[in-house]
Amino acid sequence: MEIIFGRNKKEQLVPVPATVTGKIPTWLQGTLLRNGPGMHTVGVSKYNHWFDGLALLHSFSIRDGEVFYRSKYLQSDTYNANIEANKIVVSEFGTMAYPDPCKNIFSKAFSYLSHTIPDFTDNCLINVMKCGDDFYATTETNYIRKINPQTLETLEKVDYRKYVAVNLATSHPHYDEAGNVLNMGTSIVDKGRTKYVIFKIPATAPGTKKKGKSPLKHAEAFCSIPSRSLLSPSYYHSFGVTENYVIFLEQPFKLDILKMATAYVRGVSWASCMSFHREDKTYIHIIDQRTKKPVPTKFYTDPMVVFHHVNAYEEDGCVLFDVIAYEDSSLYELFYLANLNQNFEENSRMTSVPTLKRFAVPLHVDKNAELGSNLIKVATTRATALKEKDGYVYCQPEVLYEGLELPRINYAHNGKPYRYIFAAEVQWSPIPTKILKYDVLTKSSLKWGEECCWPAEPVFVPTPGAKDEDDGVILSAIVSTDPQKLPFLLVLDAKNFTELARASVDADLHLDLHGLFIPDADWDAEKQTPAETREDENSDAPLTPQA
Ligand SMILES: CC1=C(/C=C/C(C)=C/C=C/C(C)=C/C=O)C(C)(C)CCC1
Ligand SMILES: [Fe+2]
């Protein structure tokens, strides 16, 4: 297993042509751009956790039935400092590191509880975010790194704190139809006023239709929710949206700020400052995007840990939302490299299976409803919401499917009624073995799997002019555990899950986390933007992906 998890991956700087078998649909033109950890050893020092690995961007460019693959390490300050020192000198999620004296390129940036929490890492290894015309590699700290999505070059380092008061931000933003970005972050150092902040980044600078200006300058915090506990805000990896609401789960998986403030001197990792409080509840915050205020009812459910929201929508006066839920935070334990590398089968057996659960939250609570009565009248779900005293409502989910992670949907249905979830099937270990299509209406599923194949998160790309929700293809990068078999990009028909094509690449493909598909049409639209309206330093970068 070490071969797949712990081994440093070789970057593929020169685009390499893939061997295509089958037929890639002619309409499928664009680039699948993904991110994930690729290097876990620097010199003689090793990271402890798989989520610590240095970000390795990779892409499959698909044009006229041909595919080219390339990969490049994100040239973050973290990467450069580590490579220069030939050891790990910047702390990550599961590894606390100490810079060489005098060489601390990271400033001590915290104002409160300061001098103790070193500046966070800019090793943006989790996802890729589109922001206006720009693309950023993202993680969960206050830093994002602008990248060139064609060449995979690293551009400027952006500090969210310059624009919104957050020290942590999710790597799973949402996008509306106009391309505006909606994200959430946590402010942990504002004089003890620990809060969760929802913010919007417009796709274009307000007041102009011009593209090319950095939209981040116009980021706007539109709602903040005080943390229930000032010293232990919840950890969250994503959140949900419907057309009018934001769903935020304040779960009992928490960051301990005091522990974080002393972690550096105690020599322990950030991960050790997080803990699951099984005696607590999970609070469900529903924020009205129109009034920019939370719905006052106190919704809660049993303790759980959610990393990924799948989708959410409104129906008959309720917000319905689907999440992948765990009983506890043991998933993060499994990804310690020590667990992944020795006795893999034994150590990585999941104690809590990722389960697709549907929650229903009533938007208006009838004052006259009896205590203990179920406020959900929606016929399509067995989820309940029981009225309790003092304005509390206890939500119990409907369990839909067990053993899936890395969920994706047809994004045109984000925040709206939908039917299909594309995900990785995970059975006894956190390693995906199959790709799954789950139909929330019929509760049936289709699967794709092959011996020695570990699929990445499946990305849905719609057929141009598609009518049906599943009219399109699924793209997934497949890592091969068989040394005789090359890794490949798999193209499935999203309707029936049959293989349309595979593009095998003679390259060192890594297991990644998340990414997006950039249709060529997007580049073309950008190409038509007059050059003088583009202000960025990379405005002269070639716009046609060079395969
Ligand atoms: C560095 C750092 C963090 C990093 C967290 C990471 C990198 C989480 C990755 C999560 C993934 C990949 C989840 C998948 O489901 C924290 C804890 C936010 C806060 C302190 C500094
Ligand atoms: Fe994620």
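Backbone N, Cα and C define each Cβ position, glycine as well.
TrEMBL does not curate its annotations; it predicts them automatically.
Values in this document were obtained by computation on a predicted structure and should not be read as measured data.
Features reported for this protein in TrEMBL:
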type	residues	note
BINDING	His172, His237, His308, His514	Fe cation binding site
REGION	524-547	region 'Disordered'
COMPBIAS	524-533	compositional bias 'Basic and acidic residues'
To which of the binding-site residues His172, His237, His514 does the lowest count of other Cβ atoms within 10 Å belong?
His237
Using CB under 6 Å from any atom of ligand 1, narrow the binding-site residues His172, His237, His514 to the ones that qualify.
His237
Those same-chain residues, other than His172, His237, His308, His514, found with Cβ within 8 Å of the centroid of the Fe cation-site Cβ atoms are Ile126, Asn127, Thr170, Ser171, Ser238, Phe307, His309
His308 (Fe cation binding site), DSSP three-state class -> strand
Identify, in sequence order, the residues in the chain of His308 (Fe cation binding site) that are 6 or more apart from it along the sequence and have a CB within less than 8 Å of its CB; answer 'none' if there are none.
His172, His237, Ser238, Val323, Ile324, Glu405, Leu406, Pro407
Through the lens of DSSP with three states only, how would you label His514 (Fe cation binding site)?
strand
